[in-house]
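Worksheet: the structure to be examined is printed underneath.
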Amino acid sequence: MIVKYGGNAMKSVELRRAVAGEIAALRAEQPVVVVHGGGPVIERELAARGIASEFSNGLRVTSPQAMAVVEMALAQLNKQLSQDIGAAVGLLGRDSELLVAEVLDPALGRVGRVTRVNAGLLRTLLGVGLTPVVGCVAVGPDGDALNVNADTAAGAVAGALGEGIVFLTDVDGIYRAYPDPESLASQLPRAEVEAGIRDGWIAGGMIPKVRAALEALDAGAPFAVIASGMQPGVLAAAARGEAGTRLTP
């Protein structure tokens, strides 16, 4: 199974370690690959160096200077997560061309879209009982680093491996009328997801998550769930279909 982890769910050290413990427990039942972003950490490191953050359609505009900081921040976070999980191998997507990407839009700078996943490397690590922990820096056509969206990268990994994926975020799932708890959807077919985007009840940062989830399903992932990473015990429940919102083709 693929676990996409990032955002507010990793702001607290205590919460990060709790999620790491859940990942370690889940690993006893099935192989797990962790794909992570690092928005809050990247923001902090950029601000400390006086580099302004700029976004376009939810994607970070990434200059070569900012890319160096992004890669450094993700490498540090990757090491921390790997240590928290235990029996894990921390990798950035550039390592062994694990994630290969093309430039998404020259106007965004060093921002890419994953075009190939080194699934063989991941299967080799899983085969010897290790948990790959993947930070979202890909290798571009020129061999240099590209910043890739963690949601879409995780979806690409799920599709390449043909495994289910759980996106951990800071809400319990997808709401038809947020924050009404009664409107939390336990399951959404593609047609209703598209309607939700069109009608505005799926918006903002949730859009790339649902797009990535649908792309993962199209590529062969058997399931995709969006669930909260802010509460203990959710990960295993989401994997069983008992928490979050499960997207279906």
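Here the Cβ of each residue, glycine as well, is placed from N, Cα and C on the backbone.
Other C-beta atoms found within 10 angstroms of the C-beta of LYS4 (site 'Transition state stabilizer') number 32, with every protein chain shown included. Secondary structure at LYS4 (site 'Transition state stabilizer'), as computed by DSSP, is strand. Sequence annotations record features per position, and here Swiss-Prot assigns site 'Transition state stabilizer' to LYS4 (among others) based on sequence analysis.
Under DSSP, GLY39 (substrate binding site) is assigned to a helix (H, G or I) in the three-state scheme. Here Swiss-Prot flags GLY38, GLY39, ARG60, ASN147 as substrate binding site, drawing on sequence analysis.
The DSSP secondary structure for LYS209 (site 'Transition state stabilizer') is helix. According to Swiss-Prot, the site 'Transition state stabilizer' annotation covers LYS209 (among others).
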Of GLY38, GLY39 (the binding-site residues), the residue whose Cβ has the fewest other Cβ atoms within 10 Å: GLY39
Additional residues surrounding substrate, by Cβ distance to the GLY38, GLY39, ARG60, ASN147 centre under 8 Å: GLY37, ILE42, VAL70, ALA73, LEU74, CYS136, ALA150
Which same-chain residues, if any, lie at least 6 apart from ARG60 (substrate binding site) yet have Cβ under 8 Å of it: ILE42, SER53, GLU54, ALA66, VAL70, LEU108, VAL111, ASN147
Collapsed DSSP category at ASN147 (substrate binding site): strand
